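Starting off with a structure, shown below.
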Amino acid sequence: MYTNLRNNLFLAGIIITFSFIILTIIHIQKDTTILNTIWNVSLIKPQFSDIRTITAYNETIALGENPYLNNIADPYNRVMNYPPFWAYFAKLTNISHSNAIFFGFFNIILLYIGFLFWSFKINNKIGISILLIICFFSPSTLLLMERGNIDMIVFFLISIGILSSNIHIFNTLILLAAFVKVFPIFSIFSNINSKKNWISIFITLFIFSIYIFAHIQDIKLMKEGTPQPTGFAYGINIIWMIIKEKFNNEIYLFFKYFSYIYVVILIFIFYKIRNINSLKITCTNETTFISFKVGAIIYITTFLLNNNWDYRLVFLIFSIPQLYTWFNSKDINIYIRILSAISIFLIVHTMWYLKINLFFSINVFIDEIFNWLLFTFLFLLLILPKKQEVSEINNETK
């Protein structure tokens with residue numbers, strides 16, 4: 001218990017200290033020198049650029065335009081690419097650009113609250129504390145804060161959901177997160193332990209389906225307006241899209257089809273090995289295990305569905321405690337320990353790629369190969385059979 005308290009205080013002290021530093025930098029910095037020097041993250045003006053499509057919504061409507069087609073009040077001339085939830089939110093709150101700074105800081109505060117409560121619940125090892133700090137204060141997470149992106153609200157909702165022992169509360173918070181950003185809906189499958197859970201999941205998916213079909217036109221426009229980044233991003237399409245941009249010939253088609261074939265082969269191979277008893281993984285803490293599944297599912301599904309800016313890597317933080325536990329356990333198959341160790345390395349690398357690339361000029365193809373490896377290893381660890389030996393954290397730390 002003393003060790004757990006010490007580690008939590010250590011984690012809280014560092015996070016609070018860095019919080020004041022980062023919030024101050026983002027708020028008063030007049031140029032990009034400090035953010036660039038420490039994290040290689042540029043400060044874009046006006047601040048919190050990603051939420052400006054939302055704060056522009058009401059003004060665009062007042063000018064007689066559809067924000068999903070021509071969001072003329074957005075300072076960067078971008079169309080609205082958020083779910084209809086945010087259209088209702090904008091109308092209800094009458095939000096405008098004058099509220100953007102407050103809205104951005106509010107999102108950052110939610111991110112910190114979610115991270116602190118979640119990390120205090122699952123963390124009882126100094127090694128995990130260090131890894132969480134390294135990843136939480138990585139360039140990808142700082143990019144998320146600097147942009148003021150809504151993923152911070154999603155992180156908060158999911159972290160609180162993970163901490164809940166009630167399946168209905170968990171599913172409700174996942175549903176709300178899906179209303180906010182769509183992709184979190186897949187993480188609902190991370191908490192499947194009984195027939196009762198399946199019923200709750202079915203009801204949640206049914207409600208979400210009604211939401212999607214009721215706003216299908218706006219959802220389609222949102223999808224069309226979502227950028228497809230190829231730099232400082234991850235996803236199944238990035239490698240072949242970069243090749244197409246650089247070489248402008250048909251060779252990209254080989255990499256495009258190879259990517260899809262690889263995923264199919266991967267699913268087939270994992271299907272074949274899913275019942276191998278010698279590869280069973282022991283999971284001793286339910287909260288830590290669910291956290292791992294949430295992080296892995298979000299990374300895998302977003303990898304397959306779209307190109308994603310690196311700030312979405314923040315959800316990989318959920319996977320770290322369980323990966324560290326597997327790596328640090330002498331009772332687990334050596335191959336599982338190796339996979340866990342490599343996965344931790346890949347997570348740290350990809351979350352710090354913005355800075356690592358500045359020092360070592362790592363080619364974007366290498367970064368994407370690392371992302372493919374991480375996708376493969378997380379997929380494997382996610383689908384391998386599990387031997388549940390769930391116990392409370394209090395019992396583990398006695």
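FYI, residue positions are counted from 1 along the chain as it appears here.
Quick reminder: no glycine exception, Cβ is built from N, Cα and C everywhere.
TrEMBL labels come from automatic prediction, so no person has curated them.
Annotation comment: TrEMBL describes 6-26, 100-120, 126-145, 152-178, 198-214, 255-273, 285-305, 311-327, 334-354, 360-384 as transmembrane segment.
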For the transmembrane segment (311-327) and the transmembrane segment (126-145), decide whether they are in contact, meaning at least 3 CB pairs lie under 8 A, counting pairs 6 or more apart in sequence.
yes
Taking the transmembrane segment (198-214) as the first stretch and the transmembrane segment (255-273) as the second, find out whether 3 or more Cβ pairs fall under 8 Å, excluding pairs closer than 6 in sequence.
no
Verify whether three or more Cβ pairs under 8 angstroms connect the transmembrane segment (255-273) with the transmembrane segment (334-354), leaving out any pair fewer than 6 apart in sequence.
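Since fewer than 3 Cβ pairs under 8 Å link them, the transmembrane segment (334-354) and the transmembrane segment (255-273) do not come into contact.
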Against which stretches of its own chain does the transmembrane segment (285-305) lie, if we need a Cβ under 8 Å and a gap of at least six residues from its ends?
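Result: 118, 121-122, 158, 162-163, 183-184, 186-187, 189-191, 234-236, 263, 312-313, 315-323, 325, 371, 374-375, 378-379, 381-382, 386, 390-393, 396.
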